[in-house]
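Record features, source Swiss-Prot:
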{"type": "TRANSMEM", "residues": "34-54", "note": "transmembrane segment"}
{"type": "TRANSMEM", "residues": "78-99", "note": "transmembrane segment"}
{"type": "BINDING", "residues": "His84, His183", "note": "heme b b562 binding site"}
{"type": "BINDING", "residues": "His98, His197", "note": "heme b b566 binding site"}
{"type": "TRANSMEM", "residues": "114-134", "note": "transmembrane segment"}
{"type": "TRANSMEM", "residues": "179-199", "note": "transmembrane segment"}
{"type": "BINDING", "residues": "His202", "note": "ubiquinone binding site"}
{"type": "TRANSMEM", "residues": "227-247", "note": "transmembrane segment"}
{"type": "TRANSMEM", "residues": "289-309", "note": "transmembrane segment"}
{"type": "TRANSMEM", "residues": "321-341", "note": "transmembrane segment"}
{"type": "TRANSMEM", "residues": "348-368", "note": "transmembrane segment"}
Amino acid sequence: MAPNIRKSHPLLKMINNSLIDLPSPSNISAWWNFGSLLGICLTTQILTGLLLAMHYTADTTLAFSSVAHTCRNVQYGWLIRNLHANGASFFFICIYLHIGRGFYYGSYLHKETWNTGVILLLTLMATAFVGYVLPWGQMSFWGATVITNLFSAIPYIGQTLVEWAWGGFSVDNPTLTRFFALHFLLPFMIAGLTTIHLTFLHESGSNNPLGITSNCDKIPFHPYFTLKDILGFTLMLLPLTTLALFSPNLLGDPENFTPANPLITPPHIKPEWYFLFAYAILRSIPNKLGGVLALAASVLILFLIPFLHKAKQRTMTFRPISQLLFWILVTNLLILTWVGSQPVEHPFIIIGQLASITYFTILLVLFPITEALENKMLNY
């Protein structure tokens, strides 16, 4: 019999083992779709971003008008820009749901996969931040000023670090140029990290909703999960195009319709919605360095999750107390997101502080205690 090229060719063999003949658990639910959805998001963002970069000028005097020109005069430029801007929001929706799934089903016990995933999240956040600065509107400029300024809280080297990042004594042309270069580079870094993430995942195989070994009951990835993924793509791309076509500015800030002006500060400086939870944690601490540390901790705490797992069962499927705690955490994050979008005044200050304390308490204290308690209840 002639050899099957799909299984013998060095390159096709890798693709075959990752996407076609990959043994997958038969019972993985729709929550396992978000990995492939993130892949589609990344591909869409790179393609639309490349097309936008062809018409963009990374210069403070021209950036704003070059974006306006893209929307007015380039064939379908408005659509490409709207898909790119809202695609970022969908990217974050997918990654947050993906992390939530991993947390709920104990996928973090694959430590290497989880850690590369957290690094991917950090890289994505950096990419989104530098990208937000590029249209050079008011919120772009002031967002860049405020967030980069946080590095000045680092003792001894802080101020030097900020001036080095800015390329001067304020956010100006050198800053915009380097941010554009970084925004172009980072997505390819994300693509590289994704292959590492998948390599680690395929070492151990996928987890499943029961959290038990599924070696005795595996099915090929194709056609079952390829079809399921295509359904997922449709269900994500439909709301994305709907948003981009019907209300493209829904998630944006009206301040960004005004060109950047270093002499006028917007009344409320706030980042895009997907950073608001971390921004609320940053604002809830009255000390600058303390706020920066809390901001960093709010995301870096994910690295600790595998070490805080005390339960004998992997997933939360059969652990109702942990489930309750999990949904309290989700609600808490939604409260933080809402508080981050509000002005710094009573009652938002105290709500933000309480929600920040609750966030860290749930993750660092309540989850390990609950898991130990559940072990006792189940006579483990």
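Yeah, the Cβs are placed from backbone N, Cα and C, and that goes for glycine too.
The number of other Cβ atoms within 10 Å of the Cβ belonging to His183 (heme b b562 binding site), over all protein chains shown, comes to 22. Remote same-chain partners of the transmembrane segment (78-99), defined as residues 6 or more beyond its termini with a Cβ less than 8 Å from a stretch Cβ, comprise 31, 34-35, 37-38, 41-42, 44-45, 48-49, 51-52, 67, 70-72, 117, 120-121, 124, 128, 131, 236, 239-241, 243-245, 248, 251-252, 272-274, 302. Long-range Cβ contacts of His84 (heme b b562 binding site) within its own chain (separation 6+, distance under 8 Å): Gln45, Thr48, Gly49, Leu52.
Around the residue listed as 'ubiquinone binding site', the same-chain residues six or more apart in sequence whose CB sits under 8 Å from its CB are Asn17, Ser18, Leu22, listed in sequence order.
Nonlocal intrachain contacts for the transmembrane segment (227-247), taken as residues 6+ away from its ends with a CB within less than 8 angstroms of a stretch CB, comprise 30, 33, 36-37, 40-41, 79, 82-83, 86-87, 89-90, 94. Here the transmembrane segment (289-309) has long-range neighbours at 99, 103, 106, 108-109, 111, 114-115, 118, 121-122, 125, 150-151, 153-155, 277-279, 281-283, 356, 359-360, 363-364, 367-368, 371, meaning same-chain residues at least 6 beyond its ends whose C-beta is under 8 angstroms from one of its own. The Cβ of His197 (heme b b566 binding site) has 21 neighbouring Cβ atoms from other residues within 10 Å, across all protein chains displayed. Cα of His98 (heme b b566 binding site) to Cα of His183 (heme b b562 binding site): a distance of 23 Å. Under DSSP, His183 (heme b b562 binding site) is assigned to a helix (H, G or I) in the three-state scheme.
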